[in-house]
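S.K.: According to TrEMBL, the feature compositional bias 'Low complexity' maps to 578-595. Residues or ranges marked as compositional bias 'Polar residues' in TrEMBL: 596-607. The feature domain 'Histidine kinase' is assigned by TrEMBL to 32-253. For 413-537, the entry in TrEMBL reads domain 'Response regulatory'. Per TrEMBL, the feature domain 'HPt' maps to 624-717. Per TrEMBL, the feature 4-aspartylphosphate maps to ASP467. For HIS663, the entry in TrEMBL reads phosphohistidine. Annotation source TrEMBL lists region 'Disordered' at 578-609.
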Amino acid sequence: MVVSCSFTFGEANYNSLPCCSKTNHERSTRLSISHEMRTPLNGIVGSLNLLKRQPLSSKAEQLASMMDVSCNNLSVLINDILDMSKIEAGKLDLNVQAFNPVQLIETLSSSLAVRAHNKDLEFLVDTTELKAEALVSDPHRVSQIISNLVNNAIKFTERGHVALTASLTRNDKDTAQLNVTITDTGIGIAKEHQSKLFTAFTQADASVATRFGGTGLGLSICKQLSVLLGGDINFSSTQGQGSSFSFWISVDDVTSADSQQNLALSNQMDGLRLAVFAQYPPLAENINGLIKSEAGSSVETYTGIVLFEEVSWDTIDVIVTDYNNPILSVVDENWDNLLKQISIPHICMLQSIGKQATYYANFTPAILTKPLLKSEFLKVVDSSSSEFIDSPPAQQVESSATDMEKESIAGAHVLIVDDNAINIEVARGVLDNLPVSVKIASNGEQALDIVRECEKEGHYLHCILMDCQMPIMDGYACTSAIRDGHAGQVHQQIPIIAMTANAMLGEKEKCIAAGMSDYVTKPIVASMVEPKIINWIQSAYSPQFLGKSVMDETRVVHNEVADERPFLASTSGFVEPSSPLSPSSHASPTTPVASISFTTPSSSEGSDTPIWEKSRALMRLANNQVLFDKICEMFIESVPRKCDEMKAAVNDKDASKVKLVSHTIKGMAGDIGAVRVQSRFSDIERLAKHEQLLEIDNVLPEAINEIAVFLNELKPA
């Protein structure tokens, strides 16, 4: 739901006053200019990110870093001016929707923490009193306020910490007040400067701008957004000691009654005894607050150097420590004594991204990335047994296939048909775990040629992974041609597994009508695809037949990237093909499932959506880091060209080309977990289907900007 807001003062609408017509025109002009500045800036940022991935001399690296800082500062300035212009012109729209407030804050905090940790600051997050799963407001604007306030706090704090605390005050069963407070131990604000703090283009004093930079727009925008969302903002500050900024907004609470009760009775650490070792007292308080909120029992809190004899080890189930706390060395040195006396407590250590943990001879602590987030902490607690679960780093998952299953398909030959190089790499990466060889075609026509050639030479294929939407000849037409015998009689009944990004109603019937044997949805999940491939090869061919063909080479017919779609994990069963184009005698596994159920993925529009779901994308590839790095590199290399193609297609008013390219970018993004980019170009694809080119022209700069933001996020990967 989009709510359009105009701003009123007293009895009159501000925008209707004749005396303001010139001012309004100037604001609208400034709004247009600010928006147009984004496009060239995006090109600069994207090109700079690509440049920084190339081998550079130390001088060139220094210059590139200086350019990066300047680009980021300019981007912030343009965005601030654009928002202020929209607010002043009464053209700021609110995208009101339901969102999970804890998820929003935790996702945001994970990215904000990087800046804090780069300055060796503690970043503390407390959502223990935010007991709601679904609130209604504008999540993008809520995130914007929080980001501005936290970034300000980090900017003006040299030592100590920045703390973010969120809570919910319920007015009645349907409405509530979301409260967020950001506290820091920074330089503070002198009393004589506090009255002008929320005035646009104003900072506390000239020395602040000189020392820290900035435009003085951030707090003014926070103030106006808070009011716009039905709330307000206030602060307290003591010079030399720090500041505390608090804002509140009115929200509708749509958390279900059952969920509210579950949240109130959570208590996942009920009875668990924890000892906290943290040398910074505010961090210890933060950890203790989380433990107590979940009914855990904090045995003791230690904030200094602790001797082995000073700890009651037999009363501790779990140790929670800060980064490389001295107690870890104490435990390591006294390991044998602990083994004789008690069962060893589980050990969890907080660690900032990029920090290297000390090696301990007798144990490896479970790592929790700072800041300590409630959801992440509770993941390592088994609520059914109250036992702590160590969380080792993700390792590449081996194939789940048994030796017998692998032996039964050894020597099989699989054809991948896809015009998207990234999709091909993903599919090949999955097949690397199986004793099969691979051939590749980039469209339906090339696939038919390969099948005919294989049959002619007596080198038979045993399974085809078929993309559905490709140029020249799509997967549906290619499958129909194979079923009709146009590629030869031997392969007429070959198992064909559709690879589709379309989970809409009717896709099932379309796959069946074309003669597909089964399907998987994108992005590919290795653990789901592998059993299907094994099952179909086993059902159609005997090991003796498999042994007839020898294909030792993997043939890449075409490597042009032109179509990419995200796969969605599917647990659906097999399709029994039956249509005039494909007789019911097509090979099918011996374990039938009645039907396929398709679900439509929801668009991830809210700002609580992370920029990069790296862990999920990596998990879909069975934590194959080498493969993941490769497809990320392919994305970086190909996406600038695709953006140029998109701009050209929009300028040429070629809706079909826009649809194809947006579909491609959407899929590329989905494969590597760039969910915001995926969502943006999914919207553009839908607009292109209805030839709404004017609207596409309006939203394209934002979509391309999202790519630049993602590339910036990708830099440290």
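Each Cβ is built from the backbone N, Cα and C atoms, and glycine gets one as well.
How about a rundown of where these features are and what they're close to?
M.R.: Over all protein chains present, the Cβ of ASP467 (4-aspartylphosphate) has 30 other Cβ atoms lying within 10 Å.
Within 10 Å of the C-beta of HIS663 (phosphohistidine) we count 23 further C-beta atoms, all protein chains included. In three-state terms derived from DSSP, HIS663 (phosphohistidine) belongs to a helical segment.
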S.K.: Take every residue in the domain 'Histidine kinase' (32-253), average their pLDDT values, and give the whole-number result.
M.R.: 82
S.K.: Run through the domain 'Response regulatory' (413-537) and tell me, per DSSP, how many residues are helix, strand and coil.
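M.R.: Per-class counts: 54 helix, 25 strand, 46 coil.
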